[in-house]
Amino acid sequence: MAIPTKLLLLQLFTFSLLLTANLTHSEPSNNRHSKEYCAMYDICGHRSDGKVLNCPYASPSIQPDELFSAKIQSLCPTISGNVCCTETQFDTLRSQVQQAVPFLVGCPACLRNFLNLFCELSCSPNQSLFINVTSVAEVSGNLTVDGIDYHITDTFGEGLYESCKEVKFGTMNTRAINFVGGGAKNFREWFTFIGQKAPSGFPGSPYAINFKSSIPESSAMVPMNVSVYSCGDTSLGCSCGDCPSSPACSSPEPLPPHDEDSCSIRIGPLKVRCIELSMALVYVLLVSCFFGWAGLNRRRNTTQPLDSSKPLLHPVEEDGINSEMKENILGVKVQRHAQLSPVQRYMAKFYRSYGSWIARNPSLVLFMSVAIVLALCSGLYNFKVETRPEKLWVGPESKAAEEKKFFDTHLSPFYRIEQLILATVPDPKSGRAPSIVTDENILLLFDIQQKVDQIRGNYSGSEVSLPDICLKPLGEDCATQSILQYFKMDSGTFDDYGGVEHAEYCFQHYTSSETCLSAFQAPVDPSAVLGGFSGNNYSEATAFVVTYPVNNVIGDSSNENARAVAWEKSFIQLAKEELLPMVRSKNLSLSFSSESSIEEELKRESTADVITIAASYLVMFVYISVTLGDAPQFYTFYISSKVLLGLSGVVLVLLSVLGSVGVFSALGVKSTLIIMEVIPFLVLAVGVDNMCILVHAVKRQPREVSLEQRISSALVEVGPSITLASLSEVLAFAVGAFVPMPACRIFSMFAALAIMLDFFLQITAFVALIVFDCKRSADNRIDCFPCIKVPSSSRESVEGGREPGFLERYMKEVHAPVLGLWGVKMVVVAVFFAFALASIAISPRLETGLEQKIVLPRDSYLQDYFDSLSEYLRVGPPLYFVVKNYNYSSESRHTNQLCSISQCNSNSLLNEISRASQASDTSYIAKPAASWLDDFLVWLSPEAFGCCRKFTNGSYCPPDDQPPCCTAEEDICSLDGICKDCTTCFRHSDLVQDRPSTAQFREKLPWFLNALPSADCAKGGHGAYTNSVDLKGYESGVIQASEFRTYHTPLNTQGDYVNALRAAREFSSRISNSLKIDIFPYSVFYIFFEQYLNIWTVALTNLAIAIGAIFIVCWLITSSAWSSAIIVLVLVMILVDLMGMMVILGIQLNAVSVVNLIMSIGIAVEFCVHISHAFLMSSGDREHRAREALETMGASVFSGITLTKLVGVIVLCFARSEIFVVYYFQMYLALVIIGFLHGLVFLPVILSLAGPPQLNLDIEQQQTDEASSSLLN
């Protein structure tokens, strides 16, 4: 994914190359081992690759002149007096040691020990005491050294390794020992690496060096044992980042793991969470108290005789309603009307008058209502769809969005990623995948690369190739991350380099071997190009990971991104049509992705489920048509059916959706694909409920009265509950507009307005359509063909009365009586409370996040790609710590508060990052950070004499191995070129405590950022830090923005991403507060995962607001706090049960599910409001009123609400998009079932046990016989 190496070529030669070449020289051949004697002196020849060879002649040490002695002292302060090297030998030593100095200069103790090792080998006056020439070779007629024994004490070797093992090489986010020691794990491995004789043309020593720690008993030799410095030495102290074992450095304190519920209790072998145990205890206490109360209440009731004057059930007349209800419907004025709230009285009065008016003027109402909505639809002219993921899932006001904008503006936007993952297929028997690192597979990858190189995208008639758009940090070669880089991306070198053996060699020596350098002259970390391995067992890798970094441009005024998208489309097409068949023929798997893949697949998703959505609408339409009609009878079906009415209702739903989209489009709000696919379904599911209730209410009216009175009475009966339900739904959806995620916020806004418009059309246009349908039926006209009138003989059967339907009979004869049984009530309460408390107990297990695979079509190629990322990738996303307003002036303490080399604060930013990386399990930081500041300070240092140099005129002088000091044609850079007079930029006396002044910092920073890294100076900042520092306005002494780059550990789950973001934020906050510097972390995925840091707070807050709003609405309309509290109780139970089902089904908590939870409150209201309203308005004892409410509204709730949603939801299980299946099929199916059980089972039981008192006392009726007779006529 990332390009850890894109920035430096330094790696080139293992440090061994650097140094060993310097030290070879010699003298006479008798093996005399004594003080002041040399084992080798002077140079007697050169190898074919130009490396010098020492003379194998023992001789007395030589007294140098004063100037030469001073030069030796500057590099080798332990050597004084006589020496065993010529000035030419010393200059060679110095020129090659300078290659290693930049790696180690940040830790003076390590550098001093390291220099002492080679100073003693080359120039010590007592060289013969610990050096023994073991073999010689003849070169051009002269004997030269071919092998030596170097006797060194274990004390020095151990001290050297311990002082250097933790020294960082920031440019590569790794340890310097990987470069100068081949990744040695101890000093013996390091010495073995150094002592290998390098083949001609390869980096390393020109002769074999055999490091030994023991001396033969008879020998006069003495092991070399100069003083060794600890990295914690105060005089040569290293930073805590380079020497964490120093007593001055506090031990790392890992951040505690984020645990939502760390409290747990062990009961025997069972470990339970505190919340689970608490809920169990609460359940036992609650059920015990309830059973006790219920038992006492029942005994008290049995001692009181029943009122024989009030029958348990009112007699049912022919028209299917009891006489008391009939009186109420017919407008009988009873005393209870005086106890209705003002809102209820107004609503009853309004609906009675409105019903009469609409029955008289259906055409006017239909025309006006439809015209209003059509006018709102006119805004569709500005309709636009948003498909960009960052605009869909991230709010512009989010902290992550602001940080991303700052990073992209001041530094550089993260590059575009194009990726291929080639993997072996697991063996069907063993289940293990074989290694992919074979000659055949590497050659196959070369074939794939050849096809990728031939890709030509088409942008505005011009061809676009990969080199046109790829990232090129150093030179003209793309920084492609591939195993092929070990062969310089050239298939012609595959056999020359040794095939797969060379690749396996490079896995271990990628930082130290020049032959392993990439074509773009930087080392390639095998963990970035291989996958499916454990630890450092790269040869066991089961996947090749090929990453093509492509330039990314903010604003894209030059159309660079558009050119990249054109290439990416061709890249994906090639992968699908050619690469996949090629790979599968070799029994391998291939997954792939481009930067624009997700956006393109989201666009494709918009048409992926058209058939499924259409089928869902069709099924719901068929069901509506059937359920709105009367019980089917063959001879009257064509009259009593409501197909045309149902179709009209569906059209009204679509109009309400279009009106909502039109309004927001006119306001400039872009729509989303999910709006166009889901909102019509949701509004239809919600709207059908009210359509069924309205039609059933009209059917329940006595047919003897006029149509105007039937419509008026029906609206009086169900209008308040429909209003209450719709208003609650609108409020619940509107609360979703506070969710930070734009896609879900916009969805909620569109849905709220759509439901409001749907309610408006239901009580206007749909009621008018009911009037027309009643007239059609009364006139004996055929449904769907109202122009056709059937003979009047059939009319008597139609008008002869309406028999109760199956559901009505079931509710009256089975459902209500069974729920009335005392034992059933106890079981119902116990079971429902158990589910509710169990759901609360497991709800903390609800995971946060939204898997990317979920939002894509099931057949998307990205499904396999995301699986491969999780399975194979061993490198985490890049992590940048961004520092704002860094004051580099001499007076400021910022420099030492940020850096991690010698004399930096122990609690500096980079030292703390290094500490955090040691506790990667909790910090999610994989490596110390690459630090431009550390490398800049080292580059400036006089010790790094090959780096910051200047000509005599003060201009920048490059290292000796770069033009113009050394031309590309030269194999060896001589010391006699035009750069021989270059000097280091500063002497120690020019610096203040080894730190540059403000002016020095200001002048040399651009030099550093433009300096190319090379063997002579690996610390050059070009490529590695080109975009790490914002130089705009830096002349003032303040750098507005700079970044320090590291990596997260591999993140495989949504929880990993969330916890990594949280840990980085907490770490940065702690460091910022400690240092009083503005620091924030940035990674490309933060912008998508920030919402999950407080998703629980957002969810619970919005749910509480929605429930509170519904309680207030219910209270205002019903004037019964008791009834409203019961509704809220049931809603909360439905909500927590739904959350429990989310845990069981593995549905994550994210903005989509939060909106669904909020919407579930609005939808669940319908399961409760109609039953509770009917209970509140009925008379009698609680038992009777509960039965009456079920008999009156139970069938409508079951058929109009439960079954309608059920048939529509079930169709969604066939959707191709996983998000529909998970978040709409599974969640809505669970909601429908849970809502049905609570609304038609639990709620009637609770109402029968503890329902609110009746609003009507139903005492003396105040009406006249004349009024009664007039109403009945």
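Cβ coordinates come from backbone N, Cα and C, glycine included.
Features reported for this protein in TrEMBL:
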type: SIGNAL; residues: 1-26; note: signal peptide
type: TRANSMEM; residues: 277-296; note: transmembrane segment
type: TRANSMEM; residues: 364-383; note: transmembrane segment
type: DOMAIN; residues: 609-772; note: domain 'SSD'
type: TRANSMEM; residues: 643-667; note: transmembrane segment
type: TRANSMEM; residues: 673-698; note: transmembrane segment
type: TRANSMEM; residues: 718-740; note: transmembrane segment
type: TRANSMEM; residues: 746-772; note: transmembrane segment
type: TRANSMEM; residues: 819-842; note: transmembrane segment
type: TRANSMEM; residues: 1095-1118; note: transmembrane segment
type: TRANSMEM; residues: 1125-1147; note: transmembrane segment
type: TRANSMEM; residues: 1153-1176; note: transmembrane segment
type: TRANSMEM; residues: 1197-1217; note: transmembrane segment
type: TRANSMEM; residues: 1223-1247; note: transmembrane segment
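With a cut-off of 8 Å on Cβ pairs spaced 6 or more residues apart, the transmembrane segment (1125-1147) and the transmembrane segment (746-772) reach fewer than 3 such pairs and are scored as not touching. By number of Cβ pairs under 8 Å, the transmembrane segment (718-740) is matched best by 1095-1118 from the list 364-383, 643-667, 819-842, 1095-1118, 1197-1217.
In this chain, the transmembrane segment (1153-1176) lies apart from the transmembrane segment (819-842): fewer than three C-beta pairs between them fall below 8 angstroms, excluding pairs fewer than 6 positions apart.
In this chain, the transmembrane segment (819-842) lies in contact with the transmembrane segment (1223-1247); the count of Cβ pairs under 8 Å, excluding pairs fewer than 6 apart in sequence, is at least 3. Per-residue pLDDT, averaged along the domain 'SSD' (609-772), amounts to 81 for this model. Remote same-chain residues near the transmembrane segment (277-296) are listed as 265, 267, 825-826, 829-830, 833-834, 837-838, 840-841, 1249 (criterion: CB distance under 8 Å, separation of at least six residues from the stretch ends).
Long-range Cβ contacts of the transmembrane segment (1095-1118) within its own chain (Cβ-Cβ under 8 Å, at least 6 residues beyond either end) map to 341, 343-344, 347, 720, 723-724, 727-728, 731-732, 735-736, 738-740, 848, 1124-1125, 1127-1128, 1131-1132, 1135, 1149-1151, 1154, 1157-1158, 1161-1162, 1165, 1169, 1172-1173, 1176.
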